[in-house]
Amino acid sequence: MASKAFDMIVIGAGPGGYVAAIRGAQLGLNVAIVEREHMGGICLNWGCIPTKALLRSSEVFHLMHRAKEFGLKADGIGYDLDAVVKRSRGVAKQLNGGVGHLLKKHKVTAIMGEASVPAEGKVSVKTEKGTEELTSKHIVLATGARARELPGLEADGDLVWTYKHALVPPRMPKKLLVIGSGAIGIEFASFYNTLGADTTVVEVMDRVLPVEDAEISAFAKKAFVKQGMTIMEKAMVKQLDRGKGKVTAHIEVGGKVEKHDFDTVISAVGIVGNVEGLGLEDLGVKIDRSHVVTDEYCRAGVDGLYAIGDIAGAPWLAHKASHEGVMVAELIAGGHPHPVKPEAIAGCTYCHPQVASVGMTEAKAKDAGYKIKVGRFPFIGNGKAIALGEPEGLVKTIFDAKTGELLGAHMIGAEVTELIQGYVVGRQLETTEEDLMNTVFPHPTLSEMMHESVLEAYGRAIHI
Ligand SMILES: Cc1cc2nc3c(=O)[nH]c(=O)nc-3n(C[C@H](O)[C@H](O)[C@H](O)COP(=O)(O)OP(=O)(O)OC[C@H]3O[C@@H](n4cnc5c(N)ncnc54)[C@H](O)[C@@H]3O)c2cc1C
C-alpha cells in the first residue's frame, strides 16, 4: 500500500497532541494524528477532568454536611458511589467526543491505531484493518505517560490501585492507604477521605505536597489532619502483604518498620513516559529516566522529530503539554514562537483546601541568592472568604527585594486554582510590585487577597 504524506504527523491525542494538531491545521498544514486508545489522552479520560468531577461530588457532599452553618436543612445526607463515578465518566465522555469533533472541524486526519517511527520521516500505524504507512518531514511525539509501579507495590486492581482503578473504584475503601503525596495522591486522598474512608497518606519526603512552598505544605498538612487523615512523612512503604480483602503495609518511619492493615491501597508514586515501542532507540533519540531529552523548542535531536507533553518530562501538566503543542506547530509552520518556560507554568492541586503556585518557593529563591521580600495574607482577613464560609487559607508572595520582580506566588484555600492565573499573567507581563499594588481589585472577591499579599510584602497591607 502506498504511504500517505502529511506536513505534520502527531502521535498521541492527549492535550499535547490534539492541540498541536489543531494549531498546525489552523496554520494551513496538512496534519494527521494517530491515537491508540482515546481522544483527549489521559487528561480528559483518566486524569485532570474525571478527577475534578469526582472532587466536585465530594465537595458538594462536604458542603451538605455544613448546611446548618448556612441556615439550611439537609437530612439523610448520603452518596451513591456508582452514581458519583457515572457522573465523572459522563463528563470525561462528553469532552472526549468534543476532541473528535474539533479535529474533524479542523480537517485533521485522525487515525486510530498504534504508531511507531521506523525511520526518520516515517510513521507506521497498526490499525484494526492492518498497517498504514505515513510520511512527513515533521513528526511530533505526544505519547504521554502512565503510572509508575514500584517493585512489590504493583497495582492489582483489587487491593492495590493506580489512578485508573481509583477513578472507577470497585468498592468504597474503608481503610485506605495512599502512597505518595504529590498532586495525584493528595487529590484521591481528599476525595475518599471526604466520603468517609479512614485515610493514611505516606510520603517519603519530609512533607506533603513536596514541590510546594514549605509553608503551604505545613498549612495543608494541618488541614488534612483536621479532616481526619493520618499523614506519615519521611516514611516509606517497603512491602505490601496481600491477604483476603486486606493488605498489610510495612512502613519504615523513624528507622523502624511499622505494620498497618488497610483494605485498599492507592499507589501514586509518580509516572513514567510512554517511550517504548516507538523505535526511538534505533533512531538515536536520547532517553533520560523514561523521558525523551529535548531542547527548549521540544526538538528531540533527530531531524524533524519533536517530543511534547508528559513524554518530554516535567512538569507533567496538561497545560504545559498543550502550550508545547502550540509552540511546536508554529515552529513547523515556519513561525518563530517563544520556547515554553517551565518556571512560568502554574501547578494546581484540587484537594480540599485547594493549592496553587507559580514560580519559586521561598527556599528556592533564597538558594538562588535572591534577597527577598515576602508577603502573606490569610483568608480570615478577607470579606468574601468569610461570606463563603471559607476562612482558612493563605496567599504568599515572594519578590526580589532589589528589582520588585514577582519571583513566586503560593496559595492555599478555596478557589485558589482559579486565582493563580492572575499572578501568572502578571509574571508573563514582567510585572513588578508597583504594578500589582497600583492594580484595582474588585470587591468583594477572593482576589483581593492577592493584592493584600503584595501590599503586605511592602508593609502596606490594609486588612491585617
Ligand atoms: C489522576 C490524574 C490527575 C491529573 N490531574 C491533572 C490536573 O488537574 N491538571 C493538569 O494539568 N494535569 C493533570 N494530570 C496530568 C495530565 O493528565 C498530563 O500532564 C497530560 O495528560 C499530558 O498530556 P500528553 O498529551 O502529554 O499525554 P497524554 O494525555 O498521556 O496522552 C497521550 C496519548 O498518546 C496515546 N499514545 C501513546 N502511545 C501511543 C502510540 N504508540 N500510538 C498512538 N497513540 C499513543 C495514548 O493513548 C494517549 O491518549 C493528571 C494526571 C492524572 C493521572
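Including glycine, each Cβ sits where the backbone N, Cα and C put it.
GLU203 is the only one of GLU203, GLU212, GLU252, GLU258 that TrEMBL places in the NAD(+) site (with GLY180, SER181, GLY182, ALA183, ILE184, GLY185, ILE186, GLU187, GLY270). Here the candidates are CYS43, CYS298, and TrEMBL names CYS43 as the disulfide partner of CYS48. Comparing CYS48 (disulfide bond) with ASP310 (FAD binding site), their Cα atoms are 13 Å apart once rounded.
When DSSP labels each residue, the domain 'Pyridine nucleotide-disulphide oxidoreductase dimerisation' (345-453) comes out as 40 helix, 31 strand, 38 coil, counted as helix, strand and coil in that order. For HIS443 (active site, proton acceptor), the nearest neighbour among the listed recorded positions (CYS43, LYS52, ASP310), judged by C-alpha distance, is LYS52. For the recorded positions given as LYS52, HIS443, the lowest number of other CB atoms within 10 Å of the residue's CB is seen at HIS443. One residue stands out among the disulfide-bonded residues CYS43, CYS48 for having the most other Cβ atoms within 10 Å of its Cβ: CYS43. Each residue contributes its Cα atom, and for ASP310 (FAD binding site) and CYS43 (disulfide bond) those atoms are 11 Å apart. With respect to their backbone Cα atoms, CYS43 (disulfide bond) and LYS52 (FAD binding site) stand 11 Å from each other.
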